[in-house]
Amino acid sequence: MNTANFPWLTTIILLPIAASLLIPIIPDKDGKTIRWYALIVGLIDFALIVYAFYTSYDFANPDLQLVESYPWVPQLDLNWSVGADGLSMPLIILTGFITTLATLAAWPVTLKPRLFYFLLLAMYGGQIAVFAVQDLLLFFLVWELELIPVYLLLAIWGGKKRQYAATKFILYTAGGSLFILLAALTMAFYGDNVTFDMRSLALKDYALNFQLLLYAGFLIAYAIKLPIIPLHTWLPDAHGEATAPAHMLLAGILLKMGGYALIRMNAGILPDAHAYFAPVLVVLGVVNIIYAALTSFAQRNLKRKIAYSSISHMGFVIIGFASFTDLGLSGAVLQMVSHGLIGASLFFLVGATYDRTHTLMLDEMGGVGKRMPKIFAMFTACSMASLALPGMSGFVAELMVFVGFATSDAYSSTFKVIVVFLMAVGVILTPIYLLSMLREIFYGKENEELVSHQQLIDAEPREVFVIACLLVPIIGIGFYPKLLTQMYDATTVQLTARLRDSVPTLAQEKPEAPKVSLSAPVIGN
């Protein structure tokens, strides 16, 4: 059967969205039918993603594949244009995997199940669209549409301060989206031909000052979603009030949208401006790693502690992105996927712990490991993955960023030594706050008041299955990272070469900018 011309990406995007529209008419009294329906739809869509990937995707091809383009507004060159390359394909697979598991994690949800699973499936298709669309205006639209399900998931099913957290989320992200719209319209109408096609936009000859302005606009929008300090404060509040499945989607997928867009738009379309902004990004990445790690250490609320840990880990993505090496950029992509798996697992376990203890304050926990040995073991394993234990995906990703940046010829030796030292400090801080967290939850003397009022039952099979599904790729990638890196190596090599080609212009026009040896080989070639 020839599947090369089948509209895989359109089908994968529209299937969960169309399925969500049927939820209001499905007969169901107690929510059980709806949740099984949502799970089956998620599994079918994920199976289609995997099948399309294995039958129609070529690892060695760095360009867009599975390309589809259907006219929408021909006068403005607006098209339903989708495609996948090495940058987007791993994140599409991650989206299908995490969202399907989040559907299973949502099993205990009983409040308005029809609306909940409607939002979950609609969000599923929308998130895949963000990683697949190749039309900039269409990208803006699906980026904006993603805000609605997340807002409602926070505002309806969140904790006591859910309205505050949801409002803060929508204000931050919608405000950032204005910069995307302004930049998109400006780029589209620049020059003689009007177009929103990303590939055509990348070929336009923008003046350097114009590139810098566009880059800054995109950076603000994507820095909010990644997030980059100081535009991060919405995330701890959102995580502090979210339910377990919303946690998994926030940590596992939503943050990756910011990292993906930063690489796709800022580096892919505006490489000359990237050469100017790269040193600033490195500094911001270091601030993310150190500041968020120290803040996480000080948190007494379990959800907020893990939220700041996520911000810290995103610092490695930023530094790898700005390294000008194949290895660093490859590590940044690997870190996004790795953190998606690890972050989803930790927040799921935080939810499982809260369901039993009914508290998030570490001061009110203690000694529960004896009563919940399975949750204790799973929490420990996922925490080890988060602190980058060798043999797990986080170790490989952070090591690649370390080596990629350290071997970069785009920065002075002094600057590299300082940055690598501070990155190492962040790596040391991570086990300090994670191991202390485990000690306060599971070790020590039991909180007698907690034990007397709560039934501390251990993990049920559904919870063990979700964590097992997440740990398998975490460990698999840790021992054999080529499982993942082979998907995108060709794309990252091509993108890094384009970024390095832009640096001679920088060196000529601005001598004080980071030095680059034009004759030096690109790392990984």
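Going from the start of the chain as shown, residues are counted 1 onward.
Here the Cβ of each residue, glycine as well, is placed from N, Cα and C on the backbone.
The feature transmembrane segment is assigned by Swiss-Prot to 6-26 (among others), with sequence analysis given as support.
Sequence annotations record features per position, and here Swiss-Prot assigns transmembrane segment to 91-111 (among others) based on sequence analysis. With a cut-off of 8 Å between Cβ atoms, the residues of this chain six or more beyond the transmembrane segment (91-111) that come close are 12, 31, 35, 38-39, 42-43, 45-46, 49-50, 53, 84, 117, 120, 123-124, 127-128, 131-132, 156-157, 243-245, 248-249, 252-253, 256, 260, 336-337, 340-341, 344, 348, 351, 355, 462, 465-466, 469-470, 473.
Below 8 angstroms of C-beta separation, residues 72, 78-81, 111-112, 115-116, 119-120, 122-123, 126-127, 129-130, 162-163, 165-167, 169-170, 173-174, 177, 180-181, 184, 187-188, 196-198, 201, 238, 241-243, 245-246, 249-250, 254, 257, 261 of the same chain, each at least six residues beyond the ends of the transmembrane segment (136-156), sit close to that stretch. Here Swiss-Prot flags 136-156 (among others) as transmembrane segment.
Positions annotated as transmembrane segment by Swiss-Prot: 169-189 (among others).
What Swiss-Prot records for 212-232 (among others) is transmembrane segment.
What Swiss-Prot records for 243-263 (among others) is transmembrane segment, and it gives sequence analysis as the kind of evidence. Only residues 6 or more beyond the boundaries of the transmembrane segment (243-263), in the same chain, are considered here, and those with a CB under 8 A from a CB of the stretch are 87-88, 91, 94-95, 98-99, 101-103, 105-106, 109, 120, 123, 127, 130-131, 139, 143, 146, 150, 153-154, 157-158, 218-219, 221-227, 235, 303, 306, 310, 314, 317, 321, 329, 332-333, 336-337, 339-341, 343-344, 346-348, 350-352, 495.
Residues annotated as transmembrane segment in Swiss-Prot: 277-297 (among others). With a cut-off of 8 Å between Cβ atoms, the residues of this chain six or more beyond the transmembrane segment (277-297) that come close are 212, 215-216, 219, 223, 228-229, 232, 266, 305-306, 308-309, 311-312, 314-319, 321-324, 405, 410-411, 415, 419, 422-423, 425-426, 429-430, 432-433, 436, 513-514.
Annotation comment: Swiss-Prot describes 314-334 (among others) as transmembrane segment. Cβ atoms under 8 Å from those of the transmembrane segment (314-334) belong to residues 87, 90, 226-228, 255, 259, 262-263, 267, 274, 277-279, 281-282, 284-289, 292, 393, 396-405, 407-410, 419, 423, 426, 477, 481, 484-485, 488-489, 492-493, 495-496, 499-500, 503, 516, 522-525 of the same chain, restricted to positions at least 6 beyond its ends.
Feature annotation from Swiss-Prot assigns transmembrane segment to 335-355 (among others); the stated evidence is sequence analysis.
The transmembrane segment feature in Swiss-Prot is assigned to 375-397 (among others); the stated evidence is sequence analysis. Within the chain, the transmembrane segment (375-397) has long-range Cβ neighbours (under 8 A, six or more residues past its boundaries) at 309, 313, 316, 331, 334-335, 337-339, 341-343, 345-346, 349, 352-353, 356, 368-369, 427, 430-431, 434-435, 437-438, 441-442, 458-459, 463-464, 467, 470-471, 473-475, 477-479, 481, 484.
Here the transmembrane segment (417-437) has long-range neighbours at 282, 286, 289-290, 293-294, 296-297, 302, 305, 309, 312, 315-316, 319, 362, 383, 386-388, 398, 401-402, 405-406, 411, meaning same-chain residues at least 6 beyond its ends whose C-beta is under 8 angstroms from one of its own. What Swiss-Prot lists as transmembrane segment is 417-437 (among others).
According to Swiss-Prot, the feature transmembrane segment maps to 464-484 (among others). For the transmembrane segment (464-484), the residues of the chain that approach it from at least six positions outside its boundaries are 90, 97, 101, 104-105, 334, 337-338, 341-342, 344-345, 348-349, 374, 378, 381-382, 385, 390-396, judged by C-beta separation under 8 angstroms.
The stretch in closest packing with the transmembrane segment (169-189), judged by the count of Cβ pairs under 8 Å and taken from 6-26, 212-232, 335-355, is 212-232.
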